[in-house]
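Read through the structure below, which is laid out as structure tokens, and then see the notes.
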Amino acid sequence: AHRITEECTYCAACEPECPVNAISAGDEIYIVDESVCTDCEGYYDEPACVAVCPVDCIIKV
């Protein structure tokens, strides 16, 4: 699974890219539901959210 760190700028680029709808808007940053996140296995070669994040704030946990 992946996690979005406090460096998130709330740009919303990641949310529509998630094929399993694991990303949602939190109060100040976007949140990844780690129980739903599949690291895009079976969908993409790399996690889609990581690929589109402009500030590289999405990390593997």
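Using the three backbone atoms N, Cα and C, a Cβ is placed for every residue, glycine included.
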Recorded [4Fe-4S] cluster 2 site member, picked from Cys8, Cys49, that accompanies Cys18, Cys37, Cys40 in Swiss-Prot: Cys49
Using DSSP three-state counts, the residues of the domain '4Fe-4S ferredoxin-type 2' (28-61) come to 5 helix, 6 strand, 23 coil
Please work out the mean pLDDT for the residues of the domain '4Fe-4S ferredoxin-type 2' (28-61). 98
For Cys14 ([4Fe-4S] cluster 1 binding site), which of these binding-site residues sit within 10 Å, Cα to Cα: Cys37, Cys40, Cys49? Cys49
